[in-house]
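In Swiss-Prot this protein carries:
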type     : residues                                                                                       : note
ACT_SITE : Asp13                                                                                          : active site, proton acceptor
ACT_SITE : His41                                                                                          : active site, proton donor
BINDING  : 12-18, 40-42, Arg304, 330-332, 412-414                                                         : GTP binding site
BINDING  : Asp13, Glu14, Gly15, Lys16, Asn38, Ala39, Gly40, His41, Thr128, Arg142, Gln223, Thr238, Arg302 : IMP binding site
BINDING  : Thr298, Thr299, Thr300, Gly301, Arg302, Pro303, Arg304                                         : substrate binding site
Amino acid sequence: MSSVVVVGTQWGDEGKGKITDFLSENAEVIARYQGGNNAGHTIKFDGVTYKLHLIPSGIFYKEKACVIGNGMVVDPKALITELAYLHERNVSTDNLRISNRAHVILPYHLKLDEVEEERKGANKIGTTKKGIGPAYMDKAARIGIRIADLLDRDVFAEKLERNLEEKNRLLEKMYETEGFKIEDILDEYYEYGQQIKKYVCDTSVVLNDALDEGRRVLFEGAQGVMLDIDQGTYPFVTSSNPVAGGVTIGSGVGPTKIQHVVGVSKAYTTRVGDGPFPTELKDEIGDQIREVGREYGTTTGRPRRVGWFDSVVVRHARRVSGITDLSLNSIDVLTGIETLKICVAYRYKGEVIEEFPASLKALAECEPVYEEMPGWTEDITGAKTLSDLPENARHYLERVSQLTGIPLSIFSVGPDRSQTNVIRSVYRAN
């Protein structure tokens, strides 16, 4: 048995898709366990760039099972669109498996997401408006519709009718906007269910059987630890648990079967959406990092906020996710910056603190304590080993590993999978 979890250590967009794709080569099953099509993965495979939002990155390996776990929320319309996108590019999806226990995103979830963000105005969360939050709300309220329900027309119709009574009251009375008729949704979404029916099964059985047979299973997290609903910068978070612990709930695999957790990070920090960001750069260096790193959201197209590497954030991620291995991406983006900074702690009300605060008010008042390091000007995009890197780049990586307390296992010097380099295998026995 060999199981590896890939999690983002920051606010998402760390390059998890690329690392998952890279690690998928040596895995036999690849599974997502939380989130929905609010995630965005950009993957280069055989020289072609693909952008996925819902389907796991391992889909490009037709001999490997690719799982959408029970902890995900699935927009059937978006899924059909993504399947068509892959089919048009001659990518087989016969290896896809979808949990019959995953919850379904319906049009009223999308509408509620949109109007609630508008209502909040300046206090908005910065949601992708994909209906993720409202779908998870229904799940917690025990009125959600699952994939298994979607496949049974009578059950789907009964639950949809019940839900529309409540949702329409909410839309019309509170938000003063038009609701939905059952005929607006029933036939269209039931048909979507029929189109994906061949992929649907009990994915917990698929995953546990694979582990019991000694096969390598890779769990792909979406977003990042700082967007986790429990451990992140609440309320500026997603509605699920991207932390490694989310695997057990969102995939139906017990915690004793998880061996290694790979924390993926950029060599700097980015964030999409609102909320405090202690190391944010609003100067020319920030603009340079954004443009060189092409820091625009895969899902939203929004420019990402950028900042210096924050070891306080990544230490927090290490602790709450049990991270055993660090994968550091986008090192090449920092090339040409004369002096680099790493946040080693925060200064709050005159005191130096080394742990991430729970209070957003406190976080907003924190000032980063920086350690400066000399940069490098050499082209590092062809580096294959640590010794290929210039001395200053190597020292930067070593310092990041020291400050976060996570051994460096993978480093990346460009967007292509060939620019991803392994220092030690994450599939090791111990």
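Placed from the backbone N, Cα and C atoms, the Cβ positions cover glycine too.
The model shown is predicted, which means the values in this text are computed figures rather than measured ones.
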Review point. Are any of Gly40, His41, Arg302, Arg304 (the recorded positions) within 10 Å of Lys18 (GTP binding site) when you go C-alpha to C-alpha, and if so which?
Key: His41
Point to revise | From Thr128, Gln223, Thr300, Val413, the binding-site residues whose CA lies within 10 Å of that of Asp13 (active site, proton acceptor) | key: Gln223
Point to revise | Gly12, Thr300, Ile331 screened against Thr128 (IMP binding site), Cα within 10 Å - retained binding-site residues | key: Thr300
Review point. Per DSSP, Pro303 (substrate binding site) is which: helix, strand or coil?
Key: strand
Point to revise | Least buried by Cβ count (within 10 Å) of the binding-site residues Gly12, Gly15, Gly40, Gly301, Pro303 | key: Gly301
Point to revise | Least Cβ-crowded entry, counting other Cβ within 10 Å, from the binding-site residues listed as Asn38, Thr128, Gln223, Thr300 | key: Thr300
Practice item. For His41 (active site, proton donor), just give me the three-state DSSP call. Key: strand
**Study point:** Diameter of the IMP binding set by C-alpha atoms, the set being Asp13, Glu14, Gly15, Lys16, Asn38, Ala39, Gly40, His41, Thr128, Arg142, Gln223, Thr238, Arg302, in angstrom
**Key:** 34
Check your understanding: Going by DSSP, is Val413 (GTP binding site) part of a helix, a strand, or coil?
Key -> coil
Study note, to complete from the structure: If you rank the binding-site residues Lys18, Thr42, Arg304, Val413 by how many other Cβ atoms lie within 10 Å of their Cβ, the lowest count goes to Thr42
Point to revise | Using Cα positions only, nearest of the binding-site residues to Arg302 (IMP binding site) (Gly15, Ile331, Val413) | key: Gly15
Revision key, fill the gap. Simplified DSSP label at Lys18 (GTP binding site) comes out helix
